[in-house]
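Annotated features, as they stand in TrEMBL:
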- Thr171, Lys172, Ala173, Asp174, Gly222, His223, Ser224, Gly225, Val226, Gly227, Lys228, Ser229, Thr230: GTP binding site (BINDING)
- Cys305, Cys309, His311, Cys316: Zn(2+) binding site (BINDING)
- 122-281: domain 'CP-type G' (DOMAIN)
- 131-279: domain 'EngC GTPase' (DOMAIN)
- 1-33: region 'Disordered' (REGION)
Amino acid sequence: MARPTSSYDESDARIRPNKRNSRPRSKDRPAHLDAVPGMVTAVDRGRYTVLVSDSDADDGGVGVDGERVVTAMRARELGRKGIVVGDDVALVGDVSGSPDALARVVRVHPRRTLLRRSADDTDPVERAIVANADQLVVVSALANPEPRPRLIDRCLVAAYDAGMSPLLALTKADLADPAPFLRSYAPLEVPSVVTSTTDADGTDGLEALRDALRGRVSVLVGHSGVGKSTLVNALVPDALRAIGVVNVVTGRGRHTSTSAVALRLPGGDGWVIDTPGIRSFGLAHVDPERIITHFPDLEAGTDECPRGCSHDEEECGLDAWVASGQAGPAGASRLESLRRLLRTRQIQTGD
Ligand SMILES: Nc1nc2c(ncn2[C@@H]2O[C@H](COP(=O)(O)OP(=O)(O)OP(=O)(O)O)[C@@H](O)[C@H]2O)c(=O)[nH]1
Ligand SMILES: [Zn+2]
């Protein structure tokens, strides 16, 4: 599978099944040692769609690019451990991928990143959304609907918290000038692409977006109506059929699942993970220390902060650090932007 990095360790490499000289499993041999590795591309009502390389199952007998879609359920030994789209898992059981086959997920490999949200900022129950993604693409229309800066800021905080880099995708540039919006986000130094659909049924800016997605695993989030589906359809024509989601997960002609779906970009050069439209993004789980690591110019100034500093309080050492010029000429606007993000957690406006 063309993942930018692999989290499989050597022990995983050794357990790849090899049909030609497969050892019979002894009674003492744990099931996961005969497991087949795969990546979860969709989750629907307790059924996981897992993409498995054919080379993993057939010892290279099938083309390296060959892969198949396996439906799986969770194995009892997993306990309560969650499985989300993007997870690298190990499967046992019927991994043939034939229509009635059902495999079992026996293991979820350690995650490189984890995008999470809570119902609201006070709800301690957090929900994992996507694992192992590199980039969070925050899709916002420049008009119709109007951009929602607080929701965008919340998504940026979630990206930083997850260990993902953010990208702003600003759609409908045919309806409004992107300049004012871009100015207000400039101090955050978040990369952005601007798109607009054209009369010819194409999308301007799509190449820039493709470049930004190349070789990475990117999650697209956005409020309903911002044009996310339009982008996904332009990026991955025939998206759902391409990975068998239609047949395997919902049996219907469109993505009706309430969870995310991973779609491989044409050419195998990266993945986009589409998520249902969001109205809010709860951040109850967020730790200010994880946010500030994405502001390296400010992080060094936290040495003088009191223990457990929120970096948005009177005793915070960052004000003196910025005032002394050590964060450079942009220090003040950077600190203001950092605090704007940190404050998104406290503001309860419903957006
Ligand atoms: N003017 C203009 N309209 C656009 C553009 N992109 C999308 N739209 C329109 O905006 C509407 C919403 O687009 P969708 O792609 O369905 O938006 P979505 O974010 O997927 O929304 P949900 O399906 O509700 O989650 C549609 O009528 C699109 O035709 C654009 O660049 N310019
Ligand atoms: Zn501080």
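Here the Cβ of each residue, glycine as well, is placed from N, Cα and C on the backbone.
Any TrEMBL annotation is an automated prediction that lacks curation.
With respect to ligand 2, the binding-site residues Thr171, Lys228, Cys305, Cys309, His311, Cys316 contribute Cys305, Cys309, His311, Cys316 as residues with a C-beta closer than 6 angstroms to one of its atoms, given in sequence order.
In the three-state DSSP scheme, Thr230 (GTP binding site) falls into the helix class. Nearest in space to Val226 (GTP binding site), taking C-alpha to C-alpha distance over the binding-site residues Cys305, Cys309, His311, Cys316, is His311.
Helix first, then strand, then coil: DSSP counts for the domain 'EngC GTPase' (131-279) stand at 54 helix, 36 strand, 59 coil.
Cα separation, Cys305 (Zn(2+) binding site) to Gly222 (GTP binding site), rounded: 35 Å.
Only Thr171, in sequence order, out of the binding-site residues Thr171, Cys305, Cys309, His311, Cys316 have a CB under 6 Å from ligand 1.
Taking the Cβ of Ser224 (GTP binding site) as centre and 10 Å as the limit, one finds 11 other Cβ atoms among all the protein chains shown. Long-range Cβ proximity for Ala173 (GTP binding site), meaning a same-chain Cβ under 8 A and a gap of 6 or more residues, is found for Leu142, Val194, Thr195, Ser196, Asp204, Gly205. Of the candidate binding-site residues, Cys309, His311, Cys316, the one lying closest to Lys228 (GTP binding site) when CA atoms are compared is His311.
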